[in-house]
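J.: Grabbed the feature section from Swiss-Prot, which reads as follows:
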{"type": "BINDING", "residues": "Lys16, Thr175, Asp176", "note": "ATP binding site"}
{"type": "BINDING", "residues": "Ser56, Asp143, Asn155", "note": "substrate binding site"}
{"type": "DOMAIN", "residues": "282-360", "note": "domain 'PUA'"}
Amino acid sequence: MQSRNELPGSRRVIVKIGSALLTAGGKGLDQPAIGQWVQQIAELRQQGIQVVLVSSGSVAEGMSRLGWKTRPHRLNELQAAASVGQMGLVQTYESLFKRHGLQTAQILLTHDDLSNRERYLNSRSTILTLLELGVIPVINENDTVTTEEIRFGDNDTLGALVANAVEADLLIILTDQAGLFERNPSLDPSAPLVPQAGINDPRLNDMVGDSLSGLGRGGMITKLRAARLAARSGTATVIASGRESGVLPRILDGEELGTLLIPDVSPLIARKRWMAGQLKLKGCFVVDEGAARVLRDAGKSLLPIGVIAVEGEFRRGDLVACTDSAGQEIARGLTNYSAEEARLIMRQPSTRIEEILGYVDEPELIHRDNLVLS
């Protein structure tokens, strides 16, 4: 994506809404405001756009319910507030989306869920299945069980990692600012808004400041970091004011709202770089001529029936190569099954996986979305 003209072509979008927008000045959830974003998301769904909602607000809502005026610093108190507030947050979204005939699903994640390869695949598979079913996944950090070592730190980062996982076309971060400004607008009200920039533009570092609300964990600098993280998988980011009327449909229509941050690589190139440079090969599937031809010519998923040998020892989520019988690498990808499981189901049709293993994770050994040609 290189310009706003391409935004109307987005088919999968991550929308992140921060605490400062979701709460009514620290007095609990702002139901009317949340209702407006829910209505906008419903409009996007009517256009066939898949939407994942990453929502802050559980700690802020918990603080309100517990009568706390300032955000606590102790982790156990934050976790207690999150536990109390998450109830209200989920109930609110479920009720409001139901008015539009939409089902919601709650997903609470920790950093481990997206850094561990096996759990990453499980999380990704669940989210994609929900999207296929027309459900709106509502994702938040699992504050109740996280420790300092496994916290995302802010939901901007969580939104970016979810965008990476599901290969979203666009990450929209709604905030209490109109976007990125050339100078701090709190100090210089005449500072111009930056409508668009390349994600690696060195000037961006001088443009970010801190949010003033005190309810959330992330200032503008975390939003820029999140945009850069999303860009690693080729996802563009728009940072815009959540208080702008009809902001979500207007952004997807290509209107110049907020700041568009453009990735420097396409999603396919980004994924190839990631698999080539960040992951270590753990094994190999040797495939027959038919599977080799399908992989080379069509880039389709690798099915168990096309595998004639399994080399190495690996677990679900590891990177494995696909080679022909002569040892020529055709592709590489993330396996849905361990080496032990793969040896049991190779040469077999996918319909027999459950019969052989007693369960079925996926019908493919490697799904085409997790496969890149060599």
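Yeah, the Cβs are placed from backbone N, Cα and C, and that goes for glycine too.
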J.: Please report how many Å separate the Cα atom of Asn155 (substrate binding site) from that of Lys16 (ATP binding site), as a whole number.
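T.: Between the alpha carbons of Asn155 (substrate binding site) and Lys16 (ATP binding site) there are 7 Å.
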J.: Of Lys16, Thr175, Asp176, which binding-site residues are close to Ser56 (substrate binding site), meaning a Cα within 10 Å of its Cα?
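T.: So the list reads Lys16.
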J.: Check Lys16 (ATP binding site) against DSSP and tell me helix, strand or coil, would you?
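T.: Reduced to three states, the DSSP call for Lys16 (ATP binding site) is strand.
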J.: In the domain 'PUA' (282-360), how many residues does DSSP assign to helix, to strand and to coil?
T.: 28 helix, 24 strand, 27 coil
J.: Between Asp143, Asp176, which of the binding-site residues has its C-beta surrounded by the fewest other C-beta atoms within 10 Å?
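T.: Across Asp143, Asp176, these binding-site residues, the one with fewest Cβ atoms within 10 Å is Asp176.
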J.: With ATP as the bound species and Lys16, Thr175, Asp176 as its recorded binding residues, calculate the greatest Cα-Cα distance and give it in Å as a whole number.
T.: 12
J.: Round to a whole number and give the Cα-to-Cα distance in Å for the pair Lys16 (ATP binding site) and Asp143 (substrate binding site).
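T.: Lys16 (ATP binding site) and Asp143 (substrate binding site) have their Cα atoms 17 Å apart.
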J.: Fill in the CA-CA distance, Asp143 (substrate binding site) to Thr175 (ATP binding site), as an integer in Å.
T.: 21
J.: How far apart, in angstrom, are the most distant Cα atoms among the substrate-binding residues Ser56, Asp143, Asn155?
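T.: It comes out at 11 Å between the most distant Cα atoms.
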